[in-house]
Amino acid sequence: MPAQDNSRFVIRDRNWHPKALTPDYKTSIARSPRQALVSIPQSISETTGPNFSHLGFGAHDHDLLLNFNNGGLPIGERIIVAGRVVDQYGKPVPNTLVEMWQANAGGRYRHKNDRYLAPLDPNFGGVGRCLTDSDGYYSFRTIKPGPYPWRNGPNDWRPAHIHFGISGPSIATKLITQLYFEGDPLIPMCPIVKSIANPEAVQQLIAKLDMNNANPMDCLAYRFDIVLRGQRKTHFENC
């Protein structure tokens, strides 16, 4: 397949992606398919998608320190999360919608079904969105999320993480994934992370400290690049 043909997608590497059924990750038992997957031919339905450049974005949609402000600033470690979205050939993906959602510094989501005992932060909503620029770059300012317990095992904890949704240029490039933070000791203990057999694929999910992008006296920064589709695409969230 010629590299310049961006209307079709290269075959994904099944060894790069986790198996759908990983019993240590309890939820996968009910969610994994029991029958062989069916390959669907690529058509215009898969190779095209919505254009989000016309959306009206608020001034603070990408700034989670300010977009749920109720008279104060949220509690926690202030950080910048930024990176570049590229396609299966390493080319930047401009003007694509990037959405993110996360727990607060105490490890609690602003969601009615989250019953973790950590308190909600009255000044933190935990959601943001932006469009990539002409070179595929995005940036958010937020609070570093806290870890939290989950009902997988007797004492399983999720590492600090941020969920990302990237639309890409077509329906087939839509990606839901998770960012983890460099140096977190909970990463190798997490059953979701351990479902990914390839250590390089795991490393692709770990944001690295980026002092060049930090704001002095304000925020540390972490770099998280995202690959849509292809042999080395960013891992699709298995939860």
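Easy rule for this one: first residue shown is 1, then count along the chain.
Heads up, the Cβ atoms here are built off N, Cα and C, so glycines get one too.
The structure displayed is predicted, hence computed values, not measured ones.
For Y109 (Fe cation binding site), the number of other Cβ atoms no farther than 10 Å from its own Cβ, over all displayed protein chains, is 19. Look at Swiss-Prot and you will find Y109, Y148, H161, H163 tagged as Fe cation binding site.
Listed in sequence order, the residues W101, Q102, A103, G107, P145, R158, I162 complete the 8 Å Cβ shell around the Fe cation site centroid, once Y109, Y148, H161, H163 themselves are left out. Secondary structure at H163 (Fe cation binding site), as computed by DSSP, is strand. Ranking the binding-site residues H161, H163 by other CB atoms within 10 A of the CB puts H163 at the bottom.
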